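Asker: Have a look at this one.
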Amino acid sequence: MVWSTNIKHEGLKSWIDEVAKLTTPKDIRLCDGSDTEYDELCTLMESTGTMIRLNPEFHPNCFLVRSSADDVARVEQFTFICTSTEAEAGPTNNWRDPQEMRRELHQLFRGCMQGRTLYIVPFCMGPLDSPFSIVGVELTDSPYVVCSMKIMTRMGDDVLRSLGTSGKFLKCLHSVGKPLSPGEADVSWPCNPKSMRIVHFQDDSSVMSFGSGYGGNALLGKKCVALRLASYMAKSQGWLAEHMLIIGITNPEGKKKYFSASFPSACGKTNLAMLMPKLPGWKIECIGDDIAWIRPGRDGRLYAVNPEYGFFGVAPGTSERTNPNALATCRSNSIFTNVALTADGDVWWEGLTEQPPEPLTDWLGKPWKPGGSPAAHPNSRFTAPLRQCPSLDPEWNSPQGVPLDAIIFGGRRSETIPLVYEALSWEHGVTIGAGMSSTTTAAIVGQLGKLRHDPFAMLPFCGYNMAYYFQHWLSFAENRSLKLPKIFGVNWFRKNNQGEFLWPGFSENLRVLEWIFQRTDGLEDIAERTPIGYLPNIQKFNLNGLNLDLQTVQELFSVDAEGWLAEVENIGEYLKIFGSDCPQQITDELLRIKSELKEK
């Protein structure tokens with residue numbers, strides 16, 4: 001076979017042979033990552049009805065893809081962590097015995113690529129020449145995955161060359177799980193919802209994914225490698241793999257700092273990563289909007305890289321008002337999945353414009369009528385190259401990463417949590433991360449206003465016992481040679497009694513970043529100590545031009561003692577799921593906050 005002559009790595013070659021014997025594809029193709037290959041595969045998908053080319057006047061070299069209605073999101077119930085013991089996976093993960101799961105998957109994968117091409121996709125998470133980076137090889141029968149991996153990762157010949165004859169790589173096997181009999185016509189989005197499995201084996205750092213063609217389940221470099229496998233590796237190797245954005249922020253005097261920030265989904269991570277400042281002289285630049293790998297540098301500071309090469313952004317709600325940089329980023333060379341299509345070949349989703357254009361074809365390919373179900377799926381996406389972001393930071397591809405001055409944790413909370421507060425210590429900061437939660441919306445979970453705990457925004461992505469993960473974070477404070485960043489909590493989503501947001505949000509969030517910037521510079525008089533952390537001194541916080549009334553300001557920046565006592569109680573109750581594995585330092589911090597609040 002031609003593919004094998006181009007692979008010098010015997011271990012890789014024998015694995016591909018083994019997979020081919022199991023899955024029985026009709027062809028095998030080694031992907032080189034070239035633009036020519038990308039164009040060829042897009043043309044192939046146009047011919048099968050998988051892709052629709054958009055009007056090049058609006059979106060040059062862009063495509064719309066419609067998935068099956070039952071393959072539209074990550075599937076937590078079919079996502080498994082396989083470790084030698086169940087305790088190692090912890091109470092927040094679905095655990096399966098590795099040997100049992102391998103036998104089960106072996107049966108599922110047997111003959112699953114019949115009638116399809118097996119694509120060999122060498123990819124690198126992180127800059128190729130970086131000590132941070134991890135190389136993987138994904139074997140997949142989905143051309144959609146190949147094209148998406150070209151956008152989302154460094155992929156192709158350069159990665160294969162870097163492996164040489166014996167370099168380490170992670171084995172990532174994926175199939176849509178729909179073999180084709182001779183003469184059987186394919187469907188535009190093959191998948192196998194009844195047999196979906198997204199499985200992570202921590203004993204050999206491998207992933208096997210079956211039955212889904214959707215993003216996080218099928219682009220195995222993203223959540224599977226960059227978070228679930230990487231977080232497990234990071235624990236033993238002394239670093240962190242986090243669900244975080246990374247931004248550079250420059251003040252009017254030209255001083256620059258880097259922040260990372262962790263938010264659960266639907267809390268504005270991409271909007272903050274691409275924020276366009278309204279305050280004169282300030283600049284925000286984006287390194288990444290979703291994943292950060294963080295390692296101690298030689299100088300003792302923590303350095304972060306974005307292991308990804310593209311954005312996989314949620315489309316609904318993205319507009320010229322909320323995120324003009326995101327719209328500019330996905331204007332060309334992008335793939336849109338499950339958005340609506342206009343009559344003149346453009347894309348549309350809820351929130352893009354105030355009024356929907358008519359006529360519209362919805363994400364299922366049917367004529368759309370106003371007042372019915374959404375035209376674009378709520379989890380519809382754009383996949384766009386990182387380098388197209390207008391506010392891309394010059395250090396976006398730095399092999400060493402960028403030094404962090406602040407780590408920010410946030411959630412969607414309508415009450416109690418102030419606009420911004422600073423942890424009193426690293427241990428307190430870890431407690432803020434462990435206690436993160438968001439108020440769900442009816443669209444997400446049926447019950448409006450229910451609190452959903454999501455520690456460090458890593459609940460779906462931590463590849464091992466979360467209590468051990470908390471302990472790993474705490475261990476950084478034990479290393480006296482480290483110069484750790486300050487930790488902050490933020491909440492853009494406080495509401496008044498009428499249910500209206502107290503804070504304007506979006507570009508005005510720069511005012512919060514300005515205060516954080518000043519605190520990392522050591523300005524003491526702009527903050528006041530409280531039981532829950534350092535809160536802004538209202539007189540020293542930049543509210544100029546916002547026209548907020550005094551009551552609103554007080555609600556945004558005050559400590560609601562009663563609310564916080566309930567909050568501490570709620571966090572403590574949640575952490576009971578970890579039993580005696582929950583670190584004592586976190587319990588001690590919660591007790592400290594409780595006793596100080598009662599003394600007030």
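Cβ from N, Cα, C; glycine included.
Feature table excerpt (Swiss-Prot):
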type	residues	note
BINDING	R74, Y214, G215, G216, S265, N379, S380, R381	substrate binding site
BINDING	K223, H243, D290	Mn(2+) binding site
BINDING	A266, C267, G268, K269, T270, N271, R381, R412, F506, S507, E508, N509	GTP binding site
ACT_SITE	C267	active site
Asker: For E508 (GTP binding site), which of the three DSSP-derived states applies: helix, strand, or coil?
Answerer: helix
Asker: Name the residue among the binding-site residues R74, K223, H243, R381 whose Cβ has the smallest number of other Cβ atoms within 10 Å.
Answerer: R74
Asker: Does DSSP put R381 (substrate binding site) in a helix, in a strand, or in coil?
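Answerer: Reduced to three states, the DSSP call for R381 (substrate binding site) is strand.
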Asker: Validating a neighbour-count step here. Other CB atoms within 10 A of the CB of Y214 (substrate binding site): how many?
Answerer: 23
Asker: Measuring Cα to Cα, how far is R381 (substrate binding site) from T270 (GTP binding site) in Å?
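Answerer: Distance (Cα to Cα, whole Å): 12 Å.
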Asker: Name, in the order they occur in the sequence, the residues of the same chain whose CB lies under 8 A from the CB of D290 (Mn(2+) binding site) and which sit 6 or more residues away.
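Answerer: Set apart from D290 (Mn(2+) binding site) by at least 6 residues yet with Cβ under 8 Å, we have H243, M244, L245, K269, T270, N306, E308, F311, F312.
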Asker: Let me make sure I understand the span of the GTP site: among A266, C267, G268, K269, T270, N271, R381, R412, F506, S507, E508, N509, what is the greatest distance between any two Cα atoms, in Å?
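Answerer: Farthest Cα pair among residues binding GTP: 25 Å.
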Asker: If H, G and I count as helix, E and B as strand, and all else as coil, what does DSSP give for T270 (GTP binding site)?
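Answerer: Reduced to three states, the DSSP call for T270 (GTP binding site) is helix.
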Asker: Excluding R74, Y214, G215, G216, S265, N379, S380, R381, which residues of the same chain place their Cβ within 8 Å of the centroid of the Cβ atoms of the recorded substrate site?
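Answerer: Going along the sequence, the neighbours appear as V72, A73, F312, V314, T337.
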Asker: Within 10 Å of G215 (substrate binding site) (Cα to Cα), which of the binding-site residues K223, A266, G268, F506 do you find?
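Answerer: If one measures from the Cα of G215 (substrate binding site), the binding-site residues that come within 10 Å are K223.
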Asker: Could you check the binding-site residues S265, T270 and say which one's CB has the most other CB atoms within 10 Å?
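Answerer: That would be T270, with the most Cβ atoms nearby.
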Asker: Counting other Cβ atoms within 10 Å of each residue's Cβ, which of the binding-site residues N379, S380 comes out lowest?
Answerer: N379
Asker: Among the recorded positions listed here, A266, C267, whose Cβ has the fewest other Cβ atoms inside 10 Å?
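Answerer: It is A266 that, of the recorded positions A266, C267, has the fewest other Cβ atoms within 10 Å.
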